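Remarks on the structure that follows.
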Amino acid sequence: MEIILAEPRGFCAGVKRAVDILAITLKKYRNKRKVYVLHEIVHNKYIVEDFKRQGVIFVNSIRDIKDNRGILIFSAHGVSKNIEDKAKRKGIQVIDATCPLVSKVHKEAKRYEDSGKELILIGHKNHPEVKGIRGRVNNPIVLVQTLQNVRDLKVKNPDNLSYVTQTTLSTDDTREIITALKLRFPNITGPNLKDICYATQNRQNAVKKLTEIVDIVLIIGSKNSSNSNRLLDLCTARGKRAYLIDNYSYMDKSWLQGIEKIGITAGASAPDILVDELINHLKINVNTKVSVMSDGVTENVQFKIPHLV
């Protein structure tokens, strides 16, 4: 049996930056000040549970913070202006781990609003990134999730529209929605697919290639990870059997019956250790050869850690 690894896979620069910010902060203030994170630092169960064991306190609301002398970290997904203001009023020190690519969308949305445009956001309703983007502007943003939403859209002035997108969407689905928006509203302006993060696009392109050369795809990632779910959707859309699993223990041996080539990838918030554990588990159970797909993309993007850390 052959294992073929997608390239790239796993951590993106924004996730690595957020995880590093939290790790450095925890090391700096351990036994001195409590470290809080609003929501999950990234959408990965392993990462969150590991930080919990180290003493990080994850909260769902500013109200849940009991010690104002602590440090509050905003997750990689970003937050609304209202959340920022609440933290400021509480007087707690804040370190912002928002992915710079998400912050870029925040600025785009505000710039469009300041120019008088009515805003449309392509994204998933309950995702924290979407909540953050909607909360960066003063006026309501119309949310579009599907082509049907585009058909049903009611706007004030069809000639005065702009759109932005969540960074972790399917590039194929988003392209279709943008095309539909432009057909219905020819004067709409927006970034095309530039808001979708490079890492999301690279991982999706790698999985598309992977589905052509393997019999099954195993995707390491958590169920609440948007970009991991998009990898699963891509495999399914191409008729390739695929499973999204948190780690090797979720794998069912029956999945491998009659399989010669296994493709493995990982969402942008899944650490390398989980891929390594899956490979080792497979090696123990079956005779395997491991290789990396030959035409993958090497990523060299790095984001700076804020000076407060």
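Including glycine, each Cβ sits where the backbone N, Cα and C put it.
Features of the protein shown, as given by Swiss-Prot:
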type     : residues                                                     : note
BINDING  : CYS12, CYS99, CYS197                                         : [4Fe-4S] cluster binding site
BINDING  : HIS43, HIS77, HIS127, SER225, SER226, ASN227, SER269         : dimethylallyl diphosphate binding site
BINDING  : HIS43, HIS77, HIS127, SER225, SER226, ASN227, SER269         : isopentenyl diphosphate binding site
BINDING  : HIS43, HIS77, HIS127, THR167, SER225, SER226, ASN227, SER269 : (2E)-4-hydroxy-3-methylbut-2-enyl diphosphate binding site
ACT_SITE : GLU129                                                       : active site, proton donor
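Structural mapping of features recorded in Swiss-Prot.
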residue : record                                                     : contacts (Cβ under 8 Å, 6+ apart)
CYS12   : [4Fe-4S] cluster binding site                              : CYS197, TYR198, ALA199, THR200, ALA268, SER269, GLU299, VAL301
HIS77   : dimethylallyl diphosphate binding site                     : HIS39, HIS43, THR98, CYS99, VAL102, HIS127, PRO128, GLU129, GLY132
THR167  : (2E)-4-hydroxy-3-methylbut-2-enyl diphosphate binding site : CYS99, LEU101, VAL102, VAL105, GLU129, ASP195, ILE196, CYS197, THR200
SER225  : dimethylallyl diphosphate binding site                     : HIS43, ASN44, GLY267, ALA268, SER269, ALA270
SER226  : dimethylallyl diphosphate binding site                     : HIS43, HIS124, HIS127, GLU129, GLN166, THR168, LEU169
ASN227  : dimethylallyl diphosphate binding site                     : THR168, ALA199, THR200, ARG203, GLY221, GLY267, ALA268, SER269
Open item on the list: Can you name every residue in this chain, apart from HIS43, HIS77, HIS127, SER225, SER226, ASN227, SER269, with its Cβ inside 8 Å of the center of the Cβ atoms of the recorded dimethylallyl diphosphate site?
Closed with: VAL42, GLU129, THR168, ASN224, SER228, GLY267, ALA268
TODO: May I ask you to report the DSSP-based helix, strand or coil state of CYS99 ([4Fe-4S] cluster binding site)?
DONE: coil
Task: Cβ neighbour count within 10 Å of CYS197 ([4Fe-4S] cluster binding site) - done: 25
TODO: Report the member of HIS43, HIS127 (the binding-site residues) whose C-beta atom has the most other C-beta atoms within 10 angstroms.
DONE: HIS43
- [ ] Enumerate the residues of the same chain, CYS12, CYS99, CYS197 excluded, that satisfy the criterion Cβ within 8 A of the mean position of the Cβ atoms of the recorded [4Fe-4S] cluster site; list them in sequence order.
- [x] ALA13, GLY14, VAL15, ALA76, LEU101, VAL102, THR167, THR168, TYR198, ALA199, THR200, ALA268
